[in-house]
């Protein structure tokens, strides 16, 4: 993705084809297309210079490329002569082009010889190479991969010089400091390494998605009064996948500040970045960013500290076709890459398509905020006359021959006699000659053609349209298919798509899930069908986890808030149901009913008196009952005492009787009544 030292091809980005301008003079433009071919174009004449097809171009496609740095020939002492057995000098590395592949190998291609120079395989990477960087001085090569490792290569011996683990996840981008002593690596977080000791010097927060480009923007720090150690105070730029912000970071002496100091905002995801280095504090940094929507945004800013708001572009460049006639509107032409020329006042634009790009040099005008260039590229895309004329001859039909045509079973097309054969010159079709339309040809075959009112695609053509839209990245064609709401149609389409289109479809659905919520609802239905129908195929892919990593993170971030939303949804449903129930009860009218019997009570004063009397009567009755119960208890006690007294008296009377009987026997019975009464 990045220009200059290295490029990264994002697998989720169809526009991120590996490409780069040659260093310094930008005389050549190299690109590795999706078919595995390496093409080198001359920027001055817009002519194809070389084309190279690797032996494993289908299985090991090119994922990144980088030009070797342009350096002068190594100086040698006059006393000592060079031996034949010594390795090749560094002067012939200026024409080398390093290609990283999807299988982990690195190819070194010589543009001067037009052949493969060497191949770096043994002891290297086990997975896709994401980025390549050349060292400015010693000719070493640094590469990073999805296998989480960074490898330092010796290009002269084609062997691994050092290999270490760069991150817990895949390492997606690299960049070497201007003094050649430090190395920036990035997965999601950004690390600054010492190249000698392979130790981490600084950590930076990075981006939410994998970093796709890293570039140093300054050579000298803005504060020149302090001593410069080669890295402290320098600024560098980073861009990430599916991120419209380019962050600028500063390497500081203390390890406290880990966040970006400023950011640049663009209209879409950046697919190619080029910049001019700032050599002093007064020189601004010029930045050219090519976005996925085909526009180029130009920035010019002096890096002098922290800036809170994201900076917008100073100029935007677009290219369109001239609209011929009233009906044909101008159509945008996508810009594929852009690079600053050596004078820093002009820009090289690469636009059109990847197989036949157009390279043009455009002078920059800082006063205009928007530049729209009108270019006619129909001549570039149209085939030549020799290829347009068909070489297939139609056979001459005999009157006795029967022709079978598609149509209703049992249908026989009318056989017309062959026209008389004329001279061969007249039988050849000429360009510009009026030809019959398809409808007229079908009418000549007597096949009924039904004109449908709607121009919508049919059910059986949905899988074909979906596969073609994924291959060509046609936005309108994909919208026609993916915006359907019929579940049965979605299931049938997913069942009929070819297996090689499953992963691109998942990547397209992941990209659309991050858009508007209305479109996300439709994409979830498609995603559910794809994962259920093609689960067995997806389970056989070895690199499924890195390919669906963005989808997994997106789903995990959405699910985190689901529990809170469900709680809130339940509370809102309770409130709404209570409010509606209360409104219904308020608005209800009860039916009028006439009473059969009406009882009218007396006045409130009489009621109160009656209540008081009743209360007093009740209290009186309760008191009387208590008193009666107490009296009964007293009477029982008295009766018991009387019974005891009576028993005692009976005993005394019995004793008196005995005494009296004894006296009578003894003759002492004559007693006075008074004495008797006293005794009693």
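Keep in mind that glycine also has a Cβ here, set from the backbone N, Cα and C atoms.
These come from TrEMBL:
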type	residues	note
COMPBIAS	600-655	compositional bias 'Acidic residues'
COMPBIAS	656-666	compositional bias 'Basic and acidic residues'
COMPBIAS	667-680	compositional bias 'Acidic residues'
DOMAIN	473-575	domain 'Small-subunit processome Utp12'
REGION	592-680	region 'Disordered'
REPEAT	122-157	repeat 'WD'
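Through the fold, the repeat 'WD' (122-157) approaches residues 5-8, 63-69, 71, 87-88, 90, 93, 96, 98, 100-106, 108, 163-176, 180, 183, 185, 195, 543, 546 of its own chain, all at least 6 residues removed from its boundaries and within a Cβ separation under 8 Å.
Shown for the domain 'Small-subunit processome Utp12' (473-575): DSSP residue counts in helix, strand and coil, namely 85 helix, 0 strand, 18 coil. Applying DSSP to the repeat 'WD' (122-157) sorts its residues as follows: 0 helix, 17 strand, 19 coil.
As a whole-number mean, the pLDDT of the repeat 'WD' (122-157) in this prediction is 91.
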